[in-house]
Amino acid sequence: MRGAVEVVGVTAAAMLSRLARPAAVLSRGLATSAQNNAKVAVLGASGGIGQPLSLLLKNSPLVSRLSLYDIAHTPGVAADLSHIETRANVKGFLGPEQLPECLKGCDVVVIPAGVPRKPGMTRDDLFNTNASIVATLTTACAKHCPEAMICIISNPVNSTIPITSEIFKKHGVYNPNRIFGVTTLDIVRANTFVAELKGLDPARVSVPVIGGHAGKTIIPLISQCTPKVDFPQDQLEKLTGRIQEAGTEVVKAKAGAGSATLSMAYAGARFVFSLVDAMNGKEGVIECSFVRSEETESPYFSTPLLLGKNGIEKNLGIGKITPFEEKMVAEAMAELKASIKKGEDFAKNFK
């Protein structure tokens, strides 16, 4: 692999220091590119995440075609976005019979479809509804755009990524380097919260977050933060807990009106822009994502990934971590493996 050759002799820690700054990544979506012809589909484009995500993608000259799919309201959302003075051609697709046409020729498919959390719900409580939605949509992807990069936002990500993998395996088109669980919001939150506590510019802070995308499976590696920061143990534990429960913080604040949608749309766009940059040949693009992995005993695990033209070029692994962080990794394993098995079992029985 080209990327693997480039990073021979470079430590994971050294690569981590090159993690793209969040604002810089998003602004790349607003910069010109020599190969700004990405065809992107958003499945669930009329929802709370789908609409602002589609707006951010429409605002980017990296995107030449934006295909918006949902079971309601997509003609209106597409008409609205199509009036924006940027080059992406926008088209709305409504209902299952129009899904194949939506996916045809896509380079990247982003899936925020599903129901949001309400107060008192865990991400796992969404499983029954969202598992079926993700399985249905990824079946269509496996049939109509098997080579596309698949970016899953729909929760519970710890289960929906295994579901996606199993669906692609069923259709004989599985490529683990092209299926991503978008955990970027955990990184965005970690960067923001650390910056607030230290009086730093959040755009200059970079905290890798590994593990999964629910509760204690979210493992921020504050010890690998750029720039280097130190916290007393009690403050570190409080900060870690806030990053892990930040989604619940938003759910409670919205008081039944939904979950994190705007920040999730920002994070989703950041990930897509990084992926498209890498697909366009930009080197040194690194993002954390929940993917098929051999870094731990968990078959799926989020770590920093070097992205390239064909998806994952190299898994950069966990790197050097503290005993506190090691303990979090160990304590996340049982929940991670259970969520993964739940997803795999669902997909195997899905008709």
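Using N, Cα and C of the backbone, Cβ positions are placed for all residues, glycine too.
TrEMBL annotations: computationally assigned, not manually curated.
Feature annotations, courtesy of TrEMBL:
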ACT_SITE  His213  active site, proton acceptor
BINDING   Gly44, Ala45, Ser46, Gly47, Gly48, Ile49, Gly50, Asp70, Asn130, Ile153, Ser154, Asn155, Met264  NAD(+) binding site
BINDING   Arg117, Arg123, Asn155, Arg189  substrate binding site
DOMAIN    39-181  domain 'Lactate/malate dehydrogenase N-terminal'
DOMAIN    183-346  domain 'Lactate/malate dehydrogenase C-terminal'
Would you mind giving the whole-number mean pLDDT across the domain 'Lactate/malate dehydrogenase C-terminal' (183-346)?
98
Using DSSP, how many residues of the domain 'Lactate/malate dehydrogenase N-terminal' (39-181) fall into helix, strand and coil, respectively?
65 helix, 30 strand, 48 coil
Here the binding-site residues are Arg117, Arg123, Arg189; which one has the lowest number of other Cβ atoms no more than 10 Å from its Cβ?
Arg117
Starting from the Cβ of His213 (active site, proton acceptor), draw a 10 Å sphere and report how many other Cβ atoms land inside it.
27
Using a 10 angstroms cut-off on Cβ to Cβ distances, just flag whichever of Gly44, Gly48, Gly50 is the loneliest among these binding-site residues.
Gly48
Taking 10 A as the limit, how many CB atoms besides its own sit near the CB of Asn130 (NAD(+) binding site)?
23
Inter-residue C-alpha distance, Asn155 (substrate binding site) and Gly44 (NAD(+) binding site) (nearest angstrom):
13
Would you mind checking how many other C-beta atoms are within 10 angstroms of the C-beta on Ser154 (NAD(+) binding site)?
29
